[in-house]
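> This is the structure I want to talk about, given as structure tokens.
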Amino acid sequence: MNSLSSCPLCNFYPNFRPKPIIQRDVRPPICTGEEANLKWTNLKRNLTPEERIAISRLPKIMANRCKALMKKLICFSSQDENLHLLLAAWVKTLKPSRADWLAVLKEMKRIEHPLYIEVYEYALLEDTFEANVRDYTKLIHTFGKQNNLHRAEGTLHNMKRRGFPLDLVTLTTLIDMYSKAGELKYAKEIFDEIKLLGIDYDKRAFGSMVMAYIRADMLEEAESLIKESEAREIYTGTEVYKALLRAYSNKGDSKGAQRVFDSIQFARVVPDSRICALLVNAYCLAGQTTEARCVIENMRRAGLRPCERCITLIIDAYEKDNRLDKALDFLAEMERDGIAISQDTLGVLQGWFDKIGVKEEMDEILKEVSLLQG
């Protein structure tokens, strides 16, 4: 059958003859490396002083293809340009590898570029980036630090949609995110999901959930979870123990503070003067000055010098009990051990002496202390 007779216009218009189709090569011209670099390094407008400085501070060891994109991003204007088209052109023209993407993202993060997250999100969808679970986890963590739960959850959804499995690091990141956002319910759901998935807990997972309970002021639940982890011979970080100890200390719950203090030693963590100060504070707030003094004595026996905070706390407690004799005896004991008395502590004493009307005697004591410490 004649191909012309199959044309519908020929059936109605016998004199019509279609023009022959000329096949053309529609592929874009192949650019040499120099031409590509010339196209990418030529900027469309004059640079501002700030842009010139930012470009001059790009790492010298950065690959040229990465520098080319960074220059464009530094001078980027959302009114005149489209970010996605810019990145697509970079991928098509300069063929970046995963290492190139990571170099660009690292530099954008270093200079706190406002388009860092948008470029990161675009990279996750690019085959040349070769995204993995950890890349998605880092972005979720970034959104979590910004308290942007909506975008963090959207990133998690995209990760699942692309078939990436949830691992312990990602789930722990979610617990930490919900914990800091005050969403204890969701943090607990994620923690329970770890068990349902058959994944073994580690100290970061336990630590993140303990911190969630502490932030929710559920100290007994936090302490119970620490005991569960210890039963599995999994010990959370020192900062987690200190956070729980601090929470009990600020409440003046000396019994809870002492239990956590004992757990710290059970976890093979040697208490320093700051940790001991938290226990001293708990006893002082509870009105148990004698026990607080015992903590100081134990510190000295263990070779720890009481910090300024410990000394000030004891003096404050003695002032509340109106035990000036005890306070002076304690200060004399500290001086004999060569422990300097801070200006804060002396200020507390001065205010105390003013209240009881013996300011002149206090001035004499201050002079003696200054001479001893001088």
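Even glycines carry a Cβ here, placed using N, Cα and C.
The domain 'PROP1-like PPR' annotation in TrEMBL covers 230-354. Residues annotated as repeat 'PPR' in TrEMBL: 132-166, 167-201, 237-271, 272-306.
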> For the repeat 'PPR' (167-201), jot down how many residues DSSP puts in helix, in strand and in coil.
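Looking at the repeat 'PPR' (167-201) with DSSP, the answer is 26 helix, 0 strand, 9 coil.
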> Restricting to the same chain and to residues at least six past its boundaries, which positions have a Cβ under 8 Å from a Cβ of the repeat 'PPR' (237-271)?
203, 207, 210-211, 214, 217, 219, 222-223, 226-227, 230, 278-279, 281-283, 285-286, 288, 291, 304
> Given a Cβ distance threshold of under 8 angstroms, which distant residues of the chain, six or more beyond its ends, lie next to the repeat 'PPR' (272-306)?
242, 245-246, 248-254, 256-258, 261, 264, 313-314, 316-318, 320-321, 323, 326, 330, 334, 337, 339
> DSSP helix, strand and coil counts for the domain 'PROP1-like PPR' (230-354)?
94 helix, 0 strand, 31 coil
> What does the DSSP secondary structure composition of the repeat 'PPR' (132-166) look like, as residue counts for helix, strand and coil?
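Across the repeat 'PPR' (132-166), DSSP assigns the residues as follows: 26 helix, 0 strand, 9 coil.
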